[in-house]
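**Q** When I checked TrEMBL for this same protein, it listed these features:
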{"type": "BINDING", "residues": "Gly8, Gly9, Gly10, Val11, Ile12, Gly13", "note": "NAD(+) binding site"}
{"type": "DOMAIN", "residues": "4-178", "note": "domain '3-hydroxyacyl-CoA dehydrogenase NAD binding'"}
{"type": "DOMAIN", "residues": "184-250", "note": "domain '3-hydroxyacyl-CoA dehydrogenase C-terminal'"}
Amino acid sequence: MTTAAIIGGGVIGGGWAARFLLNGWDVRVFDPDPEAERKIGEVLDNARRSMPGLSDVALPEEGRLSFHESLAEVVEGAVWIQESVPERLELKQKVYEGLQAHCDAGAIIGSSTSGFKPSELQEQAPRPEQIVVTHPFNPVYLMPLVELVPTAQNTADLVARAKEILTGLGMFPLHVRKEIDAHIADRFLEAVWREALWLVKDGIATTEEIDEAIRMGFGIRWAQMGLFDTYRVAGGEAGMKHFMAQFGPALEWPWTKLMDVPEFTDELVDLIAGQSDAQSGHMSIREMERIRDDNVVSMMRALKAQNFASGAVLNTHDAGLEAKAGMVKRAGDIVDPGQPIVTIRRAVPVDWLDYNGHMTESRYLHAFADATDRLMEIVGCDADYIATGGSFFTAETHIRHIDEAKLGERIEVRTRVLMGEGKKMHLWHEMYGGERLLATGEHILIHVSLETRRPAPFSAEIAENLAMIAGAQSGLPAPDGVGRYVGAPR
Ligand SMILES: NC(=O)C1=CN([C@@H]2O[C@H](COP(=O)(O)OP(=O)(O)OC[C@H]3O[C@@H](n4cnc5c(N)ncnc54)[C@H](O)[C@@H]3O)[C@@H](O)[C@H]2O)C=CC1
Ligand SMILES: C[N+](C)(C)CC(=O)CC(=O)[O-]
């Protein structure tokens with residue numbers, strides 16, 4: 001088990017703790033705030049209900065979380081140390097001095113700083129080469145972006161190790177090659193924030209109207225294509241050059257006040273805080289965090305289906321998790337063919353729930369269909385085989401919904417091959433939550449030629465694998481409920 005030390009367990013440190021823990025790391029926390037344990041516990045509760053839903057495979061077993069009162073203790077055995085103390089340079093520098101007196105010289109010290117350059121953080125440090133900026137985004141347990149900002153003091157090996165560890169946590173390390181105050185992303189955020197403050201101060205828009213302008217429009221575009229690709233498309237067939245010719249001159253017009261910051265008078269703070277209270281004061285911050293998390297997970301899952309932007313990052317992470325979890329992918333991986341094969345292991349994501357607060361009926365079929373796809377892959381009907389023109393079509397399905405599955409619950413599908421001969425495959429799936437039987441799925445599939453769209457015999461490899469599994473499993477008792485029809489006996 002690998003260990004991370006979290007120095008400062010506030011909004012961001014708590015998010016990092018969740019990101020590491022739910023990816024199977026042990027986490028040690030140091031924070032002088034007596035409320036730190038409670039606050040991290042609440043962040044973790046939110047992370048546990050949302051983060052597993054990003055994956056279509058199971059996350060590893062959670063690591064161990066512990067709280068420590070000395071720096072020497074917290075960094076013991078840590079290969080990654082994440083500093084997330086308040087944004088004050090002299091405090092951060094003092095913290096590094098304390099850390100470096102005790103930590104392993106090979107450990108990476110990442111700083112969450114939103115604004116300081118890594119060279120400023122390294123200035124007073126006994127071992128500057130160990131410190132690098134790893135600036136995350138809130139909530140750290142869901143947002144993939146982390147700006148990785150090194151200096152010439154950091155070795156290429158440290159940068160490569162940092163990228164590997166962050167990628168292993170399902171994050172997207174963006175290597176910022178030239179250090180600058182506030183890195184890349186916060187410069188945009190600051191520009192938008194300044195302009196928004198002016199709009200409120202000048203009485204042009206309320207905080208709510210500004211939020212609507214973002215979430216109903218360009219915020220949706222930015223989440224999937226960013227700025228430049230969005231504008232390239234907006235240039236029409238002539239693309240970016242046309243876009244720049246058309247809209248470039250507007251940059252000279254009095255559209256922007258980006259160079260000035262409105263003075264933070266009590267009046268302005270009260271105006272903005274008052275509007276913000278009127279807009280969202282009826283909800284607690286934790287409630288708002290849960291709404292945000294559910295929305296973010298749902299949006300990222302939509303991008304996952306397109307294998308695009310943050311969705312592609314999630315798919316890569318899933319592939320890594322699955323490889324580590326040792327799921328069966330080929331007939332040759334099966335250890336005991338006489339037992340049902342685990343074809344799905346995952347958590348119930350937020351977009352699988354319905355108004356009854358549990359996994360909705362269609363998602364039972366979704367999970368069984370994924371289990372069937374995995375079984376097809378195992379016996380040799382994979383993407384390469386399908387490209388040669390053979391595949392399976394489902395002819396009949398019977399699902400029994402036996403028990404509920406709740407948000408974030410870990411489910412597992414165990415699959416039996418009841419028959420696999422000629423052109424037919426008869427599968428029996430059982431879905432479990434722990435050892436609780438949640439559902440059964442019985443499916444008849446017909447092998448087809450994708451050219452004629454008619455039944456056709458399957459390949460010798462598929463025939464051999466199906467016969468091997470069906471034969472080995474034939475000694476198991478007949479599944480309870482197999483061949484059942486719908487409806488009560490009269
Ligand atoms: N809040 C945000 O949206 C983001 C913040 N950041 C950066 O993350 C860092 C932390 O910010 P937040 O989590 O928002 O602040 P926060 O105020 O929520 O948390 C800071 C924590 O550090 C603890 N702390 C204070 N002195 C300490 C010390 N000597 N040793 C250990 N812990 C100590 C405090 O008790 C507190 O729990 C800052 O550098 C900030 O710029 C980065 C990305 C986003
Ligand atoms: C406001 N902030 C500068 C601390 C924000 C960040 O650093 C990143 C984020 O999560 O928006």
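Each residue, glycine too, has its Cβ placed from N, Cα and C.
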**Q** Translate the DSSP assignment of Val11 (NAD(+) binding site) into the three-state scheme.
**A** helix
**Q** With the NAD(+) site defined by Gly8, Gly9, Gly10, Val11, Ile12, Gly13, which remaining residues of that chain have Cβ atoms positioned within 8 Å of the Cβ centroid?
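**A** Near the NAD(+) site, the remaining chain residues are Ile6, Gly14, Gly15, Trp16, Asp31, Ser84, Val85, Ser112.
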**Q** Please compute the mean pLDDT of the model over the domain '3-hydroxyacyl-CoA dehydrogenase C-terminal' (184-250).
**A** 90
**Q** With an 8 Å cut-off on Cβ-Cβ distance and a minimum sequence separation of at least 6, pull the same-chain contacts of Gly8 (NAD(+) binding site), or say none.
**A** Phe30, Asp31, Glu83, Ser84, Val85, Pro86, Val95, Ser112
